[in-house]
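Straight from TrEMBL, the features:
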type     : residues                                 : note
ACT_SITE : 70                                       : active site, tele-phosphohistidine intermediate
ACT_SITE : 144                                      : active site, proton donor/acceptor
BINDING  : 69, 70, 71, 72, 73, 74, 75, 76, 120, 155 : substrate binding site
REGION   : 28-55                                    : region 'Disordered'
């Protein structure tokens with residue numbers, strides 16, 4: 001008996017990242033699932049090989065889930081390893097962060113709140129939940145990662161006491177073993193269990209308040225796709241198929257510490273029912289929208305970073321307004337777009353931007369010029385100062401107008417519109433976009449590799465579609481994961497490289513728009529046409 005895999009979404013799942021091809025002869029091949037729990041020695045590289053499990057429960061209506069990490073705790077401040085211990089409480093700063101998150105979400109009419117039972121998370125949930133009458137539901141599976149003997153130690157104490165084990169926790173967390181446990185693997189299993197309970201709840205808009213590691217696991221296990229594993233008996237002249245088993249794909253444990261969750265950072269996932277039932281379409285609408293600036297100095301994955309790419313989506317054009325999505329044509333920004341570009345320039349005011357790389361299109365160049373002008377004047381506080389020169393480069397591979405317009409799916413009435421900027425496009429277009437973005441990504445890595453400047457920040461201005469592709473390249477996904485992400489006009493996404501451009505990329509935030517103020521796309525606005533989450 002052998003296995004045949006049939007993808008259940010459009011575009012079809014790239015089988016190179018899911019399957020091993022076994023050639024039986026020159027005319028026939030069969031497909032089998034790769035092993036996903038192989039513990040290699042040394043540091044694991046990022047891979048788009050999925051973590052396979054049973055599919056999520058089907059939905060009757062669209063559901064939005066907003067994840068929030070708790071505010072700064074006393075043990076966060078001390079640099080103490082918390083894990084699932086319950087001895088730390090929110091600091092005054094943590095309470096203030098939770099209050100800021102409450103205002104960020106003030107317009108959201110949540111139906112229910114799930115919270116970790118740990119004090120620091122529960123208190124954050126109470127602040128955000130405010131005067132709502134509904135009871136906060138606590139769930140033990142939402143507790144922070146269990147770190148056993150590590151818990152309560154200062155980080156330097158953990159290093160001194162556990163040596164190689166602590167080192168493995170730092171560099172190879174998926175295979176980290178302590179007290180006969182694999183904490184990250186256990187966490188991923190818990191996250192899957194959490195999703196089953198959250199999605200089974202009869203609600204349209206859900207608030208989940210938990211912790212850094214568990215929120216990372218929730219995001220990673222959610223985004224992905226579904227395929228069917230079909231078993232059949234192979235005979236000499238024909239193949240007899242048996243019923244297919246649906247399998248849900250998500251990012252594996254090697255993505256721990258790749259999708260950051262800062263104190264009180266907000267992440268948003270949209271779940272849309274499939275017409276045929278079964279596991280829903282899933283889209284990451286935002287990642288780590290923080291109370292403070294996403295470009296402020298800080299660590300990424302526990303390490304300082306000196307190399308960074310900041311993806312800036314161009315400001316709104318009139319075509320965006322008419323189409324309802326960012327337009328790929330060569331149009332100048334409207335007044336809203338001009339304001340958005342200026343707000344983005346102000347957000348980056350304190351960053352020493354090394355270079356700005358832009359698409360050649362009018363809206364992108366207009367946004368890039370606004371950033372450039374502010375950067376060059378940022379250090380001019382006196383009458384005789386010299387403006388700082390910031391090089392602006394135009395890269396044709398960032399243009400998408402020749403790719404997107406000709407390939408939009410026909411909008412049949414009654415068709416379910418999935419969330420995500422690229423779900424309206426077919427596989428051929430995604431392939432073209434992916435290949436072109438690969439060239440652009442290599443250009444950006446070369447730009448970041450300048451050894452003459454150890455602290456390099458490159459700002460990239462382009463269409464949301466090209467930025468989704470660049471993010472996917474950054475964390476070593478394939479083209480078929482691109483519809484799992486959404487970006488809005490005027491948004492900012494931040495990619496950090498603590499090990500330099502040849503090392504792992506870390507996503508600090510996706511689709512950040514808080515800097516736009518009243519000119520932003522609210523967190524609470526649906527990314528699905530004709531669907532409300534209020």
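Each Cβ is built from the backbone N, Cα and C atoms, and glycine gets one as well.
Here the features listed in TrEMBL are painted onto the structure.
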residue	record	Cβ neighbours (10 Å)
69	substrate binding site	29
70	active site, tele-phosphohistidine intermediate	32
71	substrate binding site	28
73	substrate binding site	25
75	substrate binding site	20
120	substrate binding site	29
144	active site, proton donor/acceptor	24
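Counting only the Cα atoms, the space from residue 75 (substrate binding site) to residue 144 (active site, proton donor/acceptor) is about 13 angstrom. Note: the CA-CA distance between residue 69 (substrate binding site) and the residue listed as 'active site, proton donor/acceptor' rounds to 10 Å.
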